[in-house]
Amino acid sequence: MTSVTGIGTAWRAAALIGAALALAGCDTMGAGGSARDIDPDVYAARSSDLGSLSQVVANNPNDPEALNMRGSAYARLGQYDKAIADFSQAIRINGSMSKAYANRALAYRSMNRTSEALADYNRAIDADPNYGAAYVGRGNLYRTTGRTDAALADFEKAVQVDPNNAQAWHNRGLIHQAQGRHDDAIDDFTKSTAIAVTAAEPYIGRGYSYLATNDYAAAIDDFNTARTLAPKNIDAWIGRGIAFEKRNELGNARASFAQALNINERDPRAVEGFRRVGGERGETYTER
């Protein structure tokens with residue numbers, strides 16, 4: 001059994017928390033634990049609806065809502081050109097349709113067409129200054145392009161105009177977390193968990209802030225909840241491994257890091273954590 005005491009090892013564990021925080025800082029969340037840049041009002045259609053939606057569009061070619069919904073279905077299938085065509089037609093019919101602008105912005109962003117995405121988010125906000133999803137989408141774009149202050153301002157506006165937008169609280173929490181404002185981050189993640197009760201990401205975010213504030217028991221509780229909601233979310237298992245390691249519960253730490261490696265055997269956080277707590281490839285680890 002490898003000890004985790006000593007200055008060098010303790011420093012590496014602290015460094016891993018920092019690395020895990022950086023890599024776990026996903027700006028999006030989904031009810032099933034999947035990381036997606038989707039608000040409940042955005043991309044609402046399922047891809048399985050495409051056939052019926054095409055029939056609706058054929059019967060109602062000038063209905064912008066039908067075009068917007070079919071565009072959402074195309075986008076979920078990754079058919080962004082067709083999605084953009086539908087969103088654009090919806091906008092031609094109804095130039096103040098903020099949802100269509102926000103949806104087209106997300107399609108552009110998925111194609112790495114950042115400037116066009118930003119322009120559409122701006123148009124969505126101009127069309128409806130109280131549309132929280134547009135602020136969240138633009139804030140996500142700002143955050144991923146390094147404009148942290150602008151992103152924070154958009155998330156602040158999003159929670160103001162739409163206090164029930166779980167993603168806005170979650171993403172503002174991520175910025176507070178990155179700034180080292182963990183108490184504020186925990187408050188934001190808590191609000192997000194109260195709204196999106198089946199989303200794993202806010203629990204993971206809060207778990208990492210609990211780690212950073214040395215509340216390992218609370219961190220383990222959150223990572224346990226997250227792994228139940230999203231068993232394949234590697235960030236939950238890595239965070240859980242770190243928390244057990246910090247409590248010197250090395251058997252449980254090995255089991256958590258081993259599960260993370262089962263999800264992605266090349267994840268550097270999982271590899272380093274497993275090595276640090278004395279894990280050996282090929283061995284079976286169970287929790288006590």
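Any Cβ shown, glycine's included, is placed from N, Cα and C.
Heads up, TrEMBL stuff is auto-annotated, nobody curated it.
If you check TrEMBL, you get these features:
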type	residues	note
REPEAT	64-97	repeat 'TPR'
REPEAT	98-131	repeat 'TPR'
REPEAT	132-165	repeat 'TPR'
REPEAT	166-199	repeat 'TPR'
REPEAT	200-233	repeat 'TPR'
REPEAT	234-267	repeat 'TPR'
SIGNAL	1-24	signal peptide
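In the repeat 'TPR' (98-131), helix, strand and coil residues by DSSP number 27 helix, 0 strand, 7 coil. Residue counts for the repeat 'TPR' (132-165) by DSSP state, with H, G and I taken as helix and E and B as strand, are 27 helix, 0 strand, 7 coil.
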